[in-house]
C-alpha cells in the first residue's frame, strides 16, 4: 500500500490510497488502523518554505522478522525498498523534532504490536524540547552577533580606526599594523619635526611617523606580541572574552577572579638583554661631523671659537637624535627628556672628544678635519686649563683601554644621570617618569657590568675596573663645568656669535642649575635678594647681569 500526500494549507489529514485502487481515504495518522504486515509509503514531495528537512526513514514490522513479509512482486511502485519517506505538512512544522518514533528497540520482547507508530512519552518530550530550545537559543545568539554589526567591533589602539584584528599584541587596523611591521624590520630612524606630541588619529596618522611609532610602543605593540587566542570569533567563549575586554577598557580597571585570558592582558614590550641593549645603543651612535672649512693660519682666538661653536651646534642636532634612539628614552616624560639633554649636553660632547682623541696623544680631535695641539689651544684666553684637563682625562681613558661597548654605556649613563638631583616635583606623572628613568639607568648599568665581564677578568678585577670607569664620569663632569663657565664668559664678552640651538642649551643649563649669582653689597637690595638674577641673552633689553658660575664653590663670582 502506498500513500500519496496532497498537502493543503489547512488540512491535517493524510490521504491514504492503495496502489491498485483509485479510492482516496482521509485518515488521521495516529488513529487509523493499519495492516501490520505491509509497509507504509508516504512519498509526498513536500518541501517547506525556508526549511529543508532530510528524508527520515521508517521501517515496518516486516523488517524485524516478527511478521510475515507480504508479497510485493505485483506492486511495481514500491520497487525493492522497505524504507519509505515521511514529510510533514507546512502548517504542522513548529521547529521541533518529530512527535512520533518507531518501535525500533523493542522487537526482541515479542510483544504483539498493533501499529508501528506510537506516541512519545512525557520524558522524551521534555528532552526533545530542551534540546530544541538550546539549539534555538544558540542560533538566536549567533543571529544577534551577526545582525549586531559593529557592536562587537574593536578599534585601533593607535589611530582609533576600525581594527582588522589583533596584531603585535593590540587591536589595530591594517594601516598601523603594516606601518609597525615596516618600522621594526627596516629600523627606520624617524625624527619628529615638532615636540614629539603630534596627534595621531584616523585622519592625521600619516603626518608624523616618529610620533606614530612612539604611540605604537606606548599602546603596547611589540615585535613578539602574537595573538594567543586565534579561535573563531563566532565561538561563544571568544565572544565573552572580547566583550569583557571591551567593558574593561570603558569602565576602567577591575579585579578579575581566576586566571587572566590572553587578550585581556596588556602586552608589555619585552625587556632587552644587556647584549641587545648595547647593540641598540651602538646603532644609535651619531655619524662623524666635519667642519667643512679650512682653518686660517695663524690661528686666532676668534677663529678657534667660531669653529668650535659651529661644530658644537652641529653635534647638538645629532645628539638629540641619538638620545631618542636609546631604548626607553622616549618613554620618559617630555620635560624629563628636555631636562636631561639640557643638563648633560657638554659632558656628552666631551666624552665623545676624548674617545676620538684616545689614539692621538697630546692632541684633541674635535672633528676629522679639525685637531688642536696644546700650543694652538693656548691662543684662546682661559682655554689652556680646560685643554690640559681634557688631555689628562683622555690619557686616563687610554690607560684603561676603554672598549667601545664600555664607552657607549658610559655615554648613556651621563645622559640618564644628569638631572637626578634637580627634579623636585612630586606629581604622579613625575614619579612615574622618574621610576622609568631609574629602571633605564639600572639597565644601562647592568649592560656596563656585562661588557666588563666579557673581557675575561676575575671578579675582583671586574669590580675594580667598574669603579675606575665610574670615576671617569666625575672627571668629565668637572671639565664640563669648567667649559660651561668659559663658554658663558665668551658669550658675555660677545667674543663669538652663538648659534640658536647652542645658545638655548647654554641658557637652559644655567637656568636649571642650582647655583645663584652673588651680587656686590652696593647693588644688593631687599627686592634683589628675593628675586634671583638670570643671565642676560644678547638681543634682549634690560640690564646685563655679568656673572660666571663657579664649578666648585656652588655660587657665582662677580666679574
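The backbone N, Cα and C atoms fix where each Cβ goes, and this holds for glycine too.
Sequence annotations record features per position, and here Swiss-Prot assigns region 'Modulating' to 1-155.
Taken from Swiss-Prot, the feature region 'Disordered' applies to 128-148 (among others).
When pLDDT values are averaged over the zinc finger (156-176), the model yields 90. Summarising the annotation, Swiss-Prot assigns zinc finger to 156-176 (among others) and lists sequence analysis as the type of evidence.
Among the features that Swiss-Prot reports, DNA-binding region is placed at 156-221.
The feature zinc finger is assigned by Swiss-Prot to 192-216 (among others), with sequence analysis given as support. When the zinc finger (192-216) is classified with DSSP, helix, strand and coil residues number 8 helix, 0 strand, 17 coil.
Under the heading region 'Disordered', Swiss-Prot lists 243-269 (among others).
The compositional bias 'Polar residues' feature in Swiss-Prot is assigned to 243-254 (among others).
The annotation domain 'NR LBD' is assigned in Swiss-Prot to 273-509 on the grounds of sequence analysis.
The region 'Disordered' annotation in Swiss-Prot covers 514-559 (among others).
According to Swiss-Prot, the feature compositional bias 'Polar residues' maps to 538-551 (among others).
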Self-check item: Per-state residue totals over the DNA-binding region (156-221) - DSSP helix, strand, coil
Solution: 23 helix, 7 strand, 36 coil
Quiz prompt | Tertiary contacts of the zinc finger (192-216) (same chain, 6+ residues out, Cβ under 8 Å) | solution = 158-161, 168, 175-176, 179-180, 183, 324, 330, 334, 337
